[in-house]
Every structure is written in C-alpha cells, then in structure tokens.
Amino acid sequence: MSLLTEVETPTRNGWECRCSDSSDPLVIAASIIGILHLILWILDRLFFKCIYRRIKYGLKRGPSTEGVPESMREEYRQEQQSAVDVDDSHFVNIELE
C-alpha cells in the first residue's frame, strides 16, 4: 500500500485529508510557512537580478555629480551604461586557436 492511499485519497469533491490532526495549530502554521516560502522563492527567481543589484549598489543611482561639468557627467553615464550592457549579456564568445 502506498503512502498516498494512506494519507490522501481522491474524492468527488477533490483531495481530502484523512489526518485527524489537520486542525492542529502547528500543522496550520507549518502550511502557512511553506506557502510563504514558496511565494518568496518564486519572487526571488523572477526578480533576482533587480533585487541583488539593488542590494549590491544600494538605493542610490551612483555617486553624486554635483559640481561636475556636464561633459564629464555624460562620459560617466556612458561608462555606466556600457558596464550594465556587458553585465546583462549571458554568453561569452571564446575563440580557440
């Protein structure tokens, strides 16, 4: 006899738990924690690049450019953009001789 037939059996209304302790507060808390863990894991996998960049570089966009000439600001923006573009690439070309 399998574990599935001992614990849960399909009925016409859906899956029914045959455990007598299913109303135990510990079981309910464990179920809620499990569901929250699953939701957080899914969100982490969906937004990991955004989340970890935010942690790594902080909430600021970069160092302050107050008092810096506009030409240097533009050069800095281009450098930062090229660094982000390189970081987003998923493949590296390796040429063998």
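Including glycine, each Cβ sits where the backbone N, Cα and C put it.
The topological domain 'Virion surface' annotation in Swiss-Prot covers 1-22 and rests on sequence analysis.
Per Swiss-Prot, the feature topological domain 'Intravirion' maps to 44-97; the stated evidence is sequence analysis.
According to DSSP, CYS50 (S-palmitoyl cysteine) sits within a helical segment. The S-palmitoyl cysteine feature in Swiss-Prot is assigned to CYS50; the stated evidence is sequence analysis.
Taken from Swiss-Prot, the feature region 'Disordered' covers 60-84.
Residues or ranges marked as phosphoserine in Swiss-Prot (evidence: sequence analysis): SER64 (among others).
In the three-state DSSP classification, SER82 (phosphoserine) falls within a helix. Using a 10 Å Cβ-Cβ cutoff, SER82 (phosphoserine) registers 10 neighbours. Taken from Swiss-Prot, the feature phosphoserine covers SER82 (among others), and the record attributes it to sequence analysis.
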